[in-house]
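Step one of this worksheet: look at the structure below.
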Amino acid sequence: MKIDYYEALGVTRTADDKTLKAAFRKLAMQYHPDRNPDDPEAERKFKEIGEAYETLKDPQKRAAYDRFGHAAFENGGMGGGFGNGFGGAGGFADIFEDIFGEMMGGGRRRSNGGRERGADLRYNMEVTLEEAYAGKTAQIRVPTSITCDECSGSGAKPGSQPTTCTMCSGSGRVRAAQGFFSVERTCPGCNGRGQIIKDPCEKCHGQGRVTQERSLSVNIPAGIEDGTRIRLAGEGEAGLRGGPAGDLYIFLSVKPHEFFQRDGADLYCKVPISMTTAALGGQFEVSTLDGTQTRVKVPEGTQNGKQFRLKGKGMPVLRQSVTGDLYIQIDIETPQNLSKRQRELLEEFEKLSWQENSPKSAGLFSRMKEFFEGIGE
């Protein structure tokens, strides 16, 4: 039984060219033999959708099919010029190259002489918070592949030249029959390079590149954060046989700081002060990342955990003229190892100031006392 071409592609009879192509592309990828090896049903479906699309994409064939159905192509219909077979070097393979380009192997692609882009490289670098604040220029040494200076990247021994592969005629691909259609594969004679090096360079063994450690200068901008990535174009691994170099990616991490914690552009720190300074008031100095000393006033009666904000004393925002703030949290130290006299004074202070100077704690203990006395009754 003949298939309905529209049903095979899952489209209506009014589908335009764009819809036909999209439907064919989706189904071709689904049933492609490379994705369904040894699956006769997938191969059958693959053949059907190819036959359907080959007919419907051509306006004249489609018009004939819409009018006469499959009879339009039987017994030499339409002058015998519109057969729906897929033999020869064109036909089915050409349809796929039109739709997918190089996905099917790029039969129309020509060899680039085996040149391949070099691999991208990664380099991990750790910087201090001070360096992240101010920025810096760092010198790094990266082990990588560079172009061989003996053969200038060709891979061939000086005085000789690579020869064109006779198996693929320099295309790097060969066409192989697979059932009712032909597909393209990487040429086994040259591994897809299109050229064969008979006399390889002794220094690079035909690769066109050698391994060597390089020294590079890296500019680290102010305001970088943990995980910031810097790309150095063309500083990666050298390309194969004269191909373009890859890129080098610097991945930055910021060391934990002894005093400051970071949250975006803002910095946080804790400053210990004495109990008397918190009660009577005073001041202290804090060193900031810009190298200055900033004096902070502590008002009398400052409570533990009180936070002070120093505007513009945080981290710069990467590539912006904006700076975060520094938040200082007060950490009141409780005195230890008191002398007899100190203890006496504190006990006297407690008796004099319990109600007047500590209303929160006095009120809490008063309510607790009343609560438990009520339970006892």
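Keep in mind that glycine also has a Cβ here, set from the backbone N, Cα and C atoms.
On a predicted model such as this, the values are computed, not experimentally measured, just so you know.
What Swiss-Prot lists as Zn(2+) 1 binding site is C148, C151, C201, C204, and the listing cites sequence analysis. As annotated by Swiss-Prot, Zn(2+) 2 binding site applies to C165, C168, C187, C190, with the evidence given as sequence analysis. Annotation source Swiss-Prot lists domain 'J' at 4-69. According to Swiss-Prot, the feature repeat 'CXXCXGXG motif' maps to 148-155, 165-172, 187-194, 201-208.
Annotated features taken from Swiss-Prot, shown on the structure.
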residue : record                : DSSP class
C148    : Zn(2+) 1 binding site : coil
C165    : Zn(2+) 2 binding site : coil
C187    : Zn(2+) 2 binding site : coil
C201    : Zn(2+) 1 binding site : coil
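Counting Cβ pairs closer than 8 Å to the repeat 'CXXCXGXG motif' (165-172), the top stretch among 148-155, 187-194, 201-208 is 187-194.
Distances between the Cα of C148 (Zn(2+) 1 binding site) and those of the binding-site residues C165, C168, C187, C190 are shortest for C190. The distance from the Cα of C204 (Zn(2+) 1 binding site) to the Cα of C168 (Zn(2+) 2 binding site) comes to 25 Å. With a cut-off of 8 Å between Cβ atoms, the residues of this chain six or more beyond the repeat 'CXXCXGXG motif' (201-208) that come close are 147-151, 153-158, 238-242. Other Cβ atoms within 10 Å of the Cβ of C165 (Zn(2+) 2 binding site) number 23 in total over all chains. Comparing the binding-site residues C148, C187, C190, C204 on other C-beta atoms within 10 angstroms of each C-beta gives the minimum for C187. The domain 'J' (4-69): residue composition by secondary structure is 48 helix, 0 strand, 18 coil, according to DSSP.
Annotated pair C165 (Zn(2+) 2 binding site) and C151 (Zn(2+) 1 binding site), C-alpha to C-alpha distance, rounded: 20 Å. Minimal Cβ crowding within 10 Å, among the binding-site residues C151, C201, is found at C201. Summarising the environment of C168 (Zn(2+) 2 binding site), the number of other Cβ atoms within 10 Å of its Cβ, over all protein chains shown, is 23. Across the repeat 'CXXCXGXG motif' (148-155), the prediction's mean pLDDT works out to 87. Rounded to a whole value, the Cα-Cα separation of C201 (Zn(2+) 1 binding site) and C168 (Zn(2+) 2 binding site) is 23 Å. A separation of roughly 19 Å, to the nearest angstrom, links the Cα atoms of C190 (Zn(2+) 2 binding site) and C151 (Zn(2+) 1 binding site). Shown in sequence order, D149, E150, S152, G153, S154, G155, A156, P200, E202, K203, H205, G206, Q207, G208, R209, V210 are the same-chain residues outside C148, C151, C201, C204 whose Cβ sits within 8 Å of the Cβ centre of the Zn(2+) 1 site.
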